Amino acid sequence: MGVGGNFWDLLRPYAQQQGFDFLRNKRVAVDLSFWIVQHETAVKGFVLKPHLRLTFFRTINLFSKFGAYPVFVVDGTPSPLKSQARISRFFRSSGIDTCNLPVIKDGVSVERNKLFSEWVRECVELLELLGIPVLKANGEAEALCAQLNSQGFVDACITPDSDAFLFGAMCVIKDIKPNSREPFECYHMSHIESGLGLKRKHLIAISLLVGNDYDSGGVLGIGVDKALRIVREFSEDQVLERLQDIGNGLQPAVPGGIKSGDDGEEFRSEMKKRSPHCSRCGHLGSKRTHFKSSCEHCGCDSGCIKKPLGFRCECSFCSKDRDLREQKKTNDWWIKVCDKIALAPEFPNRKIIELYLSDGLMTGDGSSMSWGTPDTGMLVDLMVFKLHWDPSYVRKMLLPMLSTIYLREKARNNTGYALLCDQYEFHSIKCIKTRYGHQSFVIRWRKPKSTSGYSHSHSEPEESIVVLEEEEESVDPLDGLNEPQVQNDNGDCFLLTDECIGLVQSAFPDETEHFLHEKKLRESKKKNVSEEETATPRATTMGVQRSITDFYRSAKKAAAGQSIETGGSSKASAEKKRQATSTSSSNLTKSVRRRLLFG
């Protein structure tokens with residue numbers, strides 16, 4: 001998908017590794033089709049409707065854990081140009097001879113798979129109930145994602161299609177992994193421009209040469225490396241026009257490259273003017289001359305010095321000789337490349353260029369995007385009907401998203417306190433939790449006995465200590481959520497959720513300051529106690545396991561004492577016995593000793 005020829009490998013050195021907080025408070029455009037297709041093969045048959053489950057969990061993770069404002073984009077009617085490329089790709093992957101490819105009529109688009117379209121419709125229904133904006137593109141979803149990014153409606157795009165850069169994207173994220181400590185790759189167009197010296201039209205030119213979603217073949221015999229060398233010779237304003245000239249059979253004048261006519265005669269005439277060089281040292285002059293009189297370049301009193309491995313003469317002729325050879329090599333390379341491009345039919349395809357440079361990919365104004373509140377009742381009905389989930393499970397899984405909305409509203413205008421079904425209110429900060437290398441507050445949400453008014457307590461629970469919870473990375477292909485914990489304390493019901501530290505601090509600054517102050521006091525007290533224990537170590541401590549010899553008499557000690565007393569006598573007797581045995585054995589014949597030894 002996207003530009004062919006391992007195009008991502010060309011861009012990977014300029015990727016930035018970003019963590020959880022990079023997307024916080026940022027608007028991101030998501031290619032919904034990518035999420036649906038990504039894990040369909042891996043989990044197909046193991047869970048019911050994996051596309052709905054994945055979209056549900058990933059959206060909540062993106063909204064609550066990453067703190068982003070997602071905008072989902074779905075594909076519209078595909079371009080007729082892509083229909084032929086899709087059929088060709090299917091034939092090659094299936095091992096079918098491409099000579100039997102059906103011909104698509106001009107201007108006719110092949111409709112997408114009906115089952116896949118049904119999956120998209122179900123996911124759109126789910127997202128709308130979650131209050132997430134969904135946009136439909138006039139063509140490709142990655143094209144609309146790129147347009148939203150280039151026009152400033154979103155801050156980044158989440159799509160694996162590398163042709164998002166060709167459509168004008170400024171920041172592209174290939175994929176996110178909520179349940180992993182590994183950072184995700186983020187590509188900025190500004191870094192690509194400074195690193196490779198390529199701009200948007202340069203990338204379009206590379207895609208025309210190596211292949212793309214609309215022309216999977218490209219130019220035969222040209223890969224990413226050759227395409228990069230070609231487009232670097234032209235400016236952004238000229239590169240597409242120069243490719244048009246080459247496709248028409250014209251060979252443009254490239255600096256340091258092609259010259260008109262054949263320069264072979266000039267090169268051979270230069271070779272005839274070659275001055276003699278010593279075969280021993282490589283400098284000007286013959287070997288015989290250097291033996292008669294020393295070489296002035298070697299600096300010897302007599303003769304010359306044998307040239308080292310890889311020696312290069314720097315005289316004017318040799319330098320010019322190397323330049324001419326390099327010029328000839330470059331000329332030959334450019335002639336071959338231009339011939340390959342000229343043989344490609346209808347190169348470059350102007351319709352593909354216009355498609356990449358088009359901005360009319362969206363119906364309406366992107367500024368009308370808005371994020372609403374989830375319709376809990378309808379969501380419960382949908383998930384119970386589609387996935388056969390328990391209603392209480394659906395509400396629990398929605399809690400991280402609802403709590404994030406609550407904290408954002410609280411931080412924005414300091415009003416409103418109902419969290420979920422007007423039942424839970426902010427109670428306290430339990431602890432700091434570290435998971436996958438990311439710190440968050442564990443918040444206790446209380447369901448009061450009376451909901452007539454809002455109140456919160458500064459009192460810290462007994463478990464209000466800093467907890468560092470390092471868990472193994474999840475292998476769940478559907479990026480499932482952790483089910484919120486439920487606690488009962490003195491008749492009150494508490495729900496525990498993980499929340500962003502900065503968001504909680506903005507919503508409840510006093511409670512956060514109180515918690516951090518108490519945490520600091522506990523740490524200083526713990527440090528003082530440890531310093532006192534280090535300064536005055538005790539013989540026995542409650543935290544040190546005692547040896548079993550402190551409770552029972554050791555037989556080894558008594559045996560060791562006896563061995564010290566009898567050590568000398570036993571050694572002497574053993575020595576006498578050994579000498580007697582050796583003496584008696586020496587008097588026996590060899591055959592007798594063998595029978596005694598082996599029986």
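Heads up, the Cβ atoms here are built off N, Cα and C, so glycines get one too.
Together with D75, E140, E142, Swiss-Prot lists one candidate of D21, D31, D175 for binding Mg(2+) 1, that being D31. The Mg(2+) 2 site in Swiss-Prot is built from D161, D163 plus one of D155, D213, namely D213. In Swiss-Prot, the annotation region 'Disordered' applies to 522-545, one of the ranges 450-473, 522-545. Broken down by DSSP into helix, strand and coil, the region 'XPG-I domain' (128-213) contains 35 helix, 15 strand, 36 coil. In the predicted structure, the region 'I-domain' (128-217) carries a mean pLDDT of 91.
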